[in-house]
Every structure is written in C-alpha cells, then in structure tokens.
Amino acid sequence: AEKIKICLQKQVNSSFSLHNGFGGNLYATEEKRMFELVKPKAGASVLNQSTWICFGDSRTDQSNSAFPRSADVSAKTAEKFRSLSGGSLMLSMFGPPGKVDYLYQGCGKHKVFYEGVNWSPHTAIDCYRKNWTDIKLNFQKSIYELASQSHCMSLVNALDKTIPLQATKGVAKNCNNSFLKNPALYTQEVKPLEQICGEENLAFFTLPTQFGTYECKLHLVASCYFIYDSKEVYNKRGCGNYFQVIYDSSGKVVGGLDNRVSPYTGNSGDTPTMQCDMLQLKPGRYSVRSSPRFLLMPERSYCFDMKEKGLVTAVQSIWGKGRKSDYAVDQACLSTPGCMLIQKQKPYIGEADDHHGDQEMRELLSGLDYEARCISQSGWVNETSPFTEEYLLPPKFGRCPLAAKEESIPKIPDGLLIPTSGTDTTVTKPKSRIFGIDDLIIGLLFVAIVEAGIGGYLLGSRKESGGGVTKESAEKGFEKIGNDIQILRSSTNIAIEKLNDRISHDEQAIRDLTLEIENARSEALLGELGIIRALLVGNISIGLQESLWELASEITNRAGDLAVEVSPGCWIIDNNICDQSCQNFIFKFNETAPVPTIPPLDTKIDLQSDPFYWGSSLGLAITTPISLAALVISGIAICRTK
C-alpha cells in the first residue's frame, strides 16, 4: 500500500511582508495605510445645516431681479441669508440719507457675514467724514466679536429718547442737506444774537432689554462726536470748549469727547470731522451732555442676547473692476479671535454685471450647501480620516484632522494573509472579510510522499502544549495593551489641560502654542493607532489559527479511520484505500458546503471638537468604535462547520 502525507502548506515567499502584532504575526501580499491623508477644500462651510444663519446684500438676495445670476451662493443657501440688495449692517446702523435701510436680525449658532461692500470708498458717504474705513473696521470687529458670543442678534432701529426742548433736528450740507439717522443731529438756533451760544444740551436714551422677540443682554452703540482742530474753530462765537459725553445711570462716563479736559488735535483745518466709537453697553438709561449748538444723539443699536458662544465666518466683500473697495471686513475678522475669513485670490468678475455673480466666490461659498466635519481658516473637511498633510490653520471647529506625514501612519496587512504563529492560511481583502474556511482550503492542500520527508507546519491548538497562542494568554495581553492605551490618553490629556490652563486667557499665546500642541496630539494618536494596528494583526492571526484548528478537527472527523493525523495539520492516508474521490470528500468539503465569513472590524477613528478654539475642556479627544473588550479572543466568533 502506498501511504501519502497531506498537509496544510505554508505559502510564503519574498513577495510577502511581515506584520507583527500582539499575540500573533501575519505575512501579507499587500499592505495599506490605516488612513489616507485628506486635503481641506477652500472656502466656507458649516458643521450643522440647522444651526446657522447668514447676513448679506444683493449677492445673496433672492428678491434681486437678476437672481440667480446675481448671486454668489446657491438658491438653497440664499434661503438662509437675511439680505437686501444695497444693504449692509453698517448702513442700517448709521442710516445715511438715500441708502438702503434694512432690519438685520436673526439667530444661529454659526453666523456667516457676507456684506459690507455697500459702505466703501466707492459710495463716497460724507457727513463730516471723508473716509469711514477706520469706523467701519471697528464696527465690523465689534459685530463679529459680539456675534461670536450670542445666539441671536438684531438691529434696534428706534431707541426711546428724551431731547431738550431747545434742540431741533438739524441737517448738514455735506450730508446731502440731511443727516444720518444715527446719530441724529440736533442744533440750537442762536440768532439773532450770535454771541449767545445757547444752553448746554442734556438728553436721555434707553437701551431695551428686549426688541420684539429678541432678547438684549448687550448693545453695540455708536458714540459719535465732532473733532475740532482747535478751540478757535469751535469757539468763533465765544462759546467755550466743545464736549459731547455719554454717562451711564450712575454718572460714569462711558463715551464721547470733552475738550474741556482733552486737547484739540492742533491741526489747521476749519471744518470739524465726526468720529464714532463703538461702545458695548448693557440695557438701561443713559444721558448725553453736549456743549451748546450741537447734539449728536444715539438713536439705534445692535442688540445681542449673549446666550452662547458660536462660530463667525466673514466673507471678503469687494467690488469688481472700476469701483474702489476697502478691506475693513478682512482686517476686522483677522483681528477678532475665532473669526474665520474667506478671501478671494483673484479680482471680482461678475456674471450678471461686473459686481454680481463671481465664479471664484461661488466656489468658495459652495461648501455652505453641505455639512462639514471640520471648518478652519485653511478650509473645510468632510472626510472621516483623522489626518491631513498640512497643519490646518486656526481658528478651526469640529472634528478636525491632525497634521501627519504619510509615512508615519501605520500600515495594516491586506490581500493574501498568512499567520506565522503556528499555522498557515489565506484570506481575501480584510475590508470585506477577516477570514473564512472557504478561503483556508482552496489552493492550500498539497500531496507529498512520506519518504520525501516533508513535514507539517505547526498548527495552533487549544492545548497549552500546542504550537499556537492560548486564549488566556491573549486575553491577558490585550487587557494590558488596553490599559496602556488608557494611560497614554490620560497622561496626554493631563499635559494638554495644563497648557489650556496657562493659555486660556491669552489668544496670542493660544496661536503661538497651537502647533506644538497639535503635534503632540497627532503623535499621541499615531501611537494609539500603532497599538490598535498591532491588536488587529494579532487578532486576525490568532483568529486564523483558531479557524484552522477547527478546520483540522473537521478534516479528522470526516476522515475517520481513512486518515491518521500524525501532527497538527498533517495526515497520513493509504492511497490504495482512499482514492481521489475519497480524498476530495475529506479535504475539499468546502466546495459543496461553503461557510459564512465573519463581519469585518470597524476601524474608524473619530476626532472630537477642537479643544482650543471651541471653548471645550477636552484634551486629546479621540474615540474609536474598536472596543478593547471586543478584541480579546473570547469575544470573536470563529467560523465553524456544521
């Protein structure tokens, strides 16, 4: 009788790469990185479509006769905007004669501002000031700052006030023979005796606690006053020094100018200019005192509920060719902590006309149609990978990827897999399966004559004396690795929290240290991924070994007395007693009875909100659905034949 030895053969050559894991190793024909690097998309986006609002002008106004050609946003996004063609927040605050006066108001955790161009050098608004850019800069900066701390905001276009009897509303030639709606100009007639200057003005205004349905915890008020170059310019009529001062209810000065105690500019001009400072005032009653002849009275404000911290995005608002723009919006956002600025790289070129419907701006704002996982000064990301090639510039919010080099991301085995600790087998693409018995048999059986001396390859066994790793030792190993991961996270969190405490009140320090902190977070995450990779490799290896043990048991049971298992994974068969069809029955049963495969593990990593720019106390914030408890062998289902 001719006896032959049939074994499960190790099929590893130079094309395989070795992957070491906790509890077992693998050879693989391919490998892939656990995550690919993502690249942010330029422009604006939002984290949640249900919690944002926008303020705009004709470029976002659905009622514009040229819409949608006039728009820089989609029709869907335009519905989120509070817009009117020709409008701007500053125009509504001051109300220059002949300009659009729109009631801007709305609520949202994330506020996007795409307006401002309608008050620019091109509009040539005068009213005692040739250049309003500095005032616009301070106004926009104050709006962004307060909006980032509020859920709701609203223009208050009519403050309650009390005006002295001797003062009447005035006009100015350099203001289209009219004047601003805010502040309003009140004057005293001193004719026919011009040397009589009139009486000091005393007026009152009230900032409400509520305007319509909008709660007001803080108001943005323009404190405006005239600036005279010398006492003589104001004092042509012998009227003393100029002053215009705002007091709170306790008599404390909160704004204005008093040339009785402050010097004049010393310049040689004959015409005063008007200055407006932006004050943040609580609701209440305020008084205004001014020198005779002129009174500038606050009659409007923007009110904010100050209920929650939120996100602010400011979009560069400039004209197309032929019109002069300013860059107050850009400068205001860049000088406001937490404000994200969207800027063009090319001149504005409109579709509807030179100033409406720019393709580059449409691309930059197209992200507003979607929800992003991360928004930052560098752009927005909606992919789930935790890594990006370059550091994302702050401010940034959401689940933002960390900067990492591609070569630093751990690789996991792919393609054909063969465990090295006591067995050999194959598996197709682990992204669709981990292992299955039908993968283990096809192409792996070979027949060898006993005399050739080809021995079997050790197969993992349930017994301590077997060639594999026991469940008990693997469980202990995984438990230790799990504890190590928790220690790594805890120590990293503690270090970052200490940094947070040091820099929580210093925005510049935050910016200086952010890169260093992010590098630490990235290194810690990469360290965790290395541990998780090793767990996965060991888990798959041990699982394959266990599955082969089950396969060997099934083969032995099918063979009965026809084959004798002489070593783990090897059997002696009498070729005269068990012919080819008999051997096929014993060793190739999977061809007629395929076994279901095991579902793949979920290896997704999820970065939580950035702790430095979202006001969060989180440190190294990563979560993963890979439960360490689920990685131990006792928690893994092994394919078994019936």
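Just so you know, glycine gets a Cβ as well, placed from its N, Cα and C.
The Cβ of Cys239 (disulfide bond) lies under 8 Å from the Cβ of Cys197, Gly198, Ser291, Pro292, Arg293, each of these being in the same chain and 6 or more residues away along the sequence. Residues or ranges marked as disulfide bond in Swiss-Prot (evidence: sequence analysis): Cys197-Cys239 (among others).
According to its DSSP assignment, Cys216 (disulfide bond) is coil. Take the CB of Cys216 (disulfide bond) and look out to 10 A: across all protein chains shown you find 23 other CB atoms. Taken from Swiss-Prot, the feature disulfide bond covers Cys216-Cys303 (among others).
In the three-state DSSP classification, Cys276 (disulfide bond) falls within a strand. According to Swiss-Prot, the feature disulfide bond maps to Cys224-Cys276 (among others).
Per Swiss-Prot, the feature region 'Esterase domain-2' maps to 297-351; the stated evidence is sequence analysis.
Look at Swiss-Prot and you will find 352-637 tagged as region 'Fusion domain-2', backed by sequence analysis.
Looking just at the topological domain 'Extracellular' (1-617), the mean pLDDT is 80. Residues or ranges marked as topological domain 'Extracellular' in Swiss-Prot: 1-617.
The annotation topological domain 'Cytoplasmic' is assigned in Swiss-Prot to 639-642.
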Inset, instruction - Using Cβ-Cβ distances, find the residues under 8 Å from Cys303 (disulfide bond) that belong to the same chain and are at least 6 apart in sequence, listing them in sequence order. - result: Met153, Ser154, Leu155, Val156, Leu207, Pro208, Phe211, Tyr214, Glu215, Cys216, Leu218, His219, Leu220
Legend entry - Among Cys197, Cys224 [disulfide-bonded residues], residue with fewest other Cβ within 10 Å: Cys197
Inset, instruction - Tell me the Cβ neighbour count for Cys276 (disulfide bond), meaning other Cβ atoms within 10 Å of its Cβ, over all protein chains shown. - result: 25
Inset, instruction - Would you mind splitting the region 'Esterase domain-2' (297-351) into helix, strand and coil residue counts from DSSP? - result: 7 helix, 16 strand, 32 coil
